[in-house]
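Below: the structure, in structure tokens.
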Amino acid sequence: MSYLTGLWFGPFLPFFPLSLLGALFIFGCILTWFEQQRRLTRKTGFILFALVVGGIGHGYWASATQWDSNLVIEGGEQPIFLEGTIVAPVRQTPDGLVLLVEATHMVKQGEAQMAHGRIRLTWREPGASTLSYGDHVAFMARVREPYGTMNPGGFHYGRYLKRQGIHAVATVQGPEGIRIQGTPELTTRGFILGVVDRWRQSIHSAAVSSLTNPALGLFLGMVLGEQSYIESDIRDAFMASGTVHILSISGSHLGLLALLIFAGARWSLRQLPTVWLEQLSLRLTATRFAVLITLPAVSFYTLLAGAEMATVRSWIMIVVCCAGIWLGRERNLVTALALAALLMVLPHPEAIQDISFQLSYLSVAAIAFVVQARKEKDSKLSGLDAAFPPAQPTWLLGLWQKAVLAWLMTLAVSLTTLPLVAHDFHQIPWLGLLANMVIVPLVGAIMIPLGLLSGMMVLVAGGGTLPLSSLNQWIFDWLAQVVMMLSHVPGAAWYVASPSLSSMIVFWGLLAVVVAMWHRKLIRWGCGTILLAILLWWGWSPRTGWDPGTVRVTFLDVGQGDATLIELPDGQTVLIDGGPSYRKLDMGRAVIGPYLWNQGIRRLDHVVATHPQWDHVGGLPWVLDTFEVGHYWDNGISRPERFFSRLHSAVKSAGLQEQTSKAGTVIVGPGPCSLTVLGPSPSPGTEKYGSRTVSSGKSLNNRSLVTRLECGPHSFLFTADAEQQSLNELLRVSNGFSARIVKVPHHGAKSSLHREWVNRLQAEAMVVSVGAHNRYGHPAPEVLDAYKQRGLPVYRTDRDGAVWFMGSIGSDDMTVRTAREGSLLQIQAGPRMWREEWGNWTRIGNRLNGFSNSVASGFRGLPHK
């Protein structure tokens, strides 16, 4: 624990050097006091202190060297020619292949040079090309630093990739996108991994040709560890039922598979004739024989599943447990857990920051505690049994005792991991207390062995189809139906705001006190009551960060798209657009939902779809399905594309009426605030499509809804994707060019640069909603120069992350804050160290303890004009 604690804090050394040095000094004083009290030897104290310091050093070194790469620096924005070796199993997706390439050489502007760093390379539409571990490849691509969206309390995909040791991302397309240059001489390890990688691809191809979704996605996810084929609604159902962990090759079903192999091997050996057993026992016991069978089988499956970090972590824990069984120390689970954790973080110190690592070891620690408590109880009862022998238990009683033990383990795991699950996934998975007792044994004891058996038959018999495909199709489809049914239990998907760090620490502390002092009734009931109160508070997740009489407008970072949340002084909420939706990334689910939950918002009074383009309304179907919505507004234009069909179906399912807006429509008002549509004006130049109108091409942008919010002295102009024609109309409308805050039209596209409109703008700041490294070149340099010449500050979501403005309707003052301001700054040695470090403490406190605190400090004031 000392080493792991130091490892956790190591990456923070550049940001909190004085605090960490102070903490080390206090820790040393505490150890010295224990030594003086003779509760600790000097040798033990020195080892503990050295482990903490060593952990800090290791963690700092790992974080400082993870960016040892010249790929992004040399690559720039122009495509470069790269060569490298595939250093991880190839991942197959419905769109193509995903490779991890260790770069060795690059050619930039005709000059060859050495390259170093790892690239996550996506190959779309590869055709019939096949690749495997160890292949040497060459390709031309634009190399970029890993990036993601930046919102308060949100998940940043780029930072996640960096923690995995990935230095750059790139994409190629078409059968000629990558040229295979052969396989270099491999080590024994590389040769084995390459062979296993090709075996996995054979099983994958057989499954794709034989199964259909949802069975296909579940088979590939649970058997081969490939998540990309699992449909989003199926994943949501598993999340709501509290069983989402089984969609990947986690410790639960890998452990059950190991237990099944171990028990089967030991039972089979014990069925041998007695004479054979006696001869064999002189050299090897049945238990050790089972270990020898289990370890190779589980190791092979780990490789076949791609040897992902979570799978390797589970494998390490199984290896440690098997080693304990071999040595006759199988009951010391705590030591095995600590050793497994140490073996995992020594080569991969970044793993300690990973949520799956934290959940895995918290779960196993909880199980170890239940088992240890059960052992102590049994040992106490054994003394009584010697004096008063109990009656021989029936098989039914034994089954009941095992069921109670399983439920206690599930309860312990659920309570221990609940704060982390609530913080990272915004859910309280209460249904998992019951669902896991049925589904986990079913998956680990039946479905995984069946899928693995089918895969082995593919490797042995060959062929392009999956043996036992009908049985696999039926049982995996059945599992999907059961989980979907469970997910529809009222309240199953209980969404919450991310708990603050302080409340999580209090929860774990009280839980530890309850467990340690279970025999003290008063303490047990007192702490239990407080725990229940904390759970109820988390479940309630009340509205935070907003005060009556205050207007707050947040331009969310949804990549290349638009999504704006308006919170009005009377408590009403308005969402304008919902960002894009990709096949595996829905901005409604990934960004808008978590942000709303963190604010305690469960109802949207108005949802406005400015125009039917996927980058504006792609995320709205999920929002309409998940949140209560009062009114839905659009511009009356329909499209035949699938994304619009999803939106139309979601509106109908929510029981909403599609209210068509045009210039003059009042969405909010009368009252302290009004939200009015300024454009477009009704136009006869549209083609009828059913009962609505259809438009295509550039006219869609000019028909997008332009709205203006007015709250006392504060005003906002939301221009959607307005282009020249629409901006011309705004010049003829009162307030069409006047607002304190103006959203730059069409993500800053050159086609929306209207010089007269820009010159007549009466604004104080501009906001561009745009995605990093977008293929359109938004925002155009000419657009930025035009606003710069007017002296208008421009906030960009690709650079600043989410941008939010706050003001009281009784005051002219307005404040602005960006998500980027929450990033920690490295401390430079000098007289300002204390002040700079205090600024970092403020930032991390704001980030971990919720949005309400983050808007209380660090604002850059926006003066009223």
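Note: Cβ is positioned from N, Cα and C throughout, glycine not excepted.
Bear in mind that TrEMBL entries carry predicted annotations, made automatically and left uncurated.
As written in TrEMBL, here are the features:
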| type | residues | note |
| --- | --- | --- |
| TRANSMEM | 12-34 | transmembrane segment |
| TRANSMEM | 46-63 | transmembrane segment |
| TRANSMEM | 244-265 | transmembrane segment |
| TRANSMEM | 286-304 | transmembrane segment |
| TRANSMEM | 310-328 | transmembrane segment |
| TRANSMEM | 333-349 | transmembrane segment |
| TRANSMEM | 404-422 | transmembrane segment |
| TRANSMEM | 428-450 | transmembrane segment |
| TRANSMEM | 492-515 | transmembrane segment |
| TRANSMEM | 522-540 | transmembrane segment |
| DOMAIN | 560-773 | domain 'Metallo-beta-lactamase' |
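Counting residues 6+ beyond its ends, the transmembrane segment (46-63) has Cβ neighbours under 8 Å at 2-11, 13-14, 20, 24, 27-28, 31, 349-350, 352 in the same chain. Panel annotation: around the transmembrane segment (310-328), residues 225, 248-251, 254-255, 258, 287-288, 291, 294-295, 298-299, 302, 335-337, 339-340, 343-344, 351, 356-357, 360, 364 of the same chain, lying at least six beyond its termini, place a Cβ under 8 Å from a Cβ of the stretch.
Only residues 6 or more beyond the boundaries of the transmembrane segment (522-540), in the same chain, are considered here, and those with a CB under 8 A from a CB of the stretch are 418, 422, 428, 494, 496-497, 499, 503, 506-507, 510-511, 513-514. Packing against the transmembrane segment (286-304) from elsewhere in the chain are residues 192-193, 196, 199-200, 203, 224, 254, 257-258, 261-263, 265-266, 269-270, 277, 280, 311-312, 314-315, 318-319, 322, 325-326, 452, 455: each is 6 or more residues past its ends and has a CB under 8 Å from a CB in it.
Distant neighbours of the transmembrane segment (404-422): 242, 355, 358-359, 362-363, 365-367, 369-371, 374, 428-430, 432-433, 436-437, 496, 498-499, 503-504, 507-508, 511, 535, 538; these residues of the same chain sit at least 6 beyond its ends, with a Cβ under 8 Å from one of its Cβ atoms.
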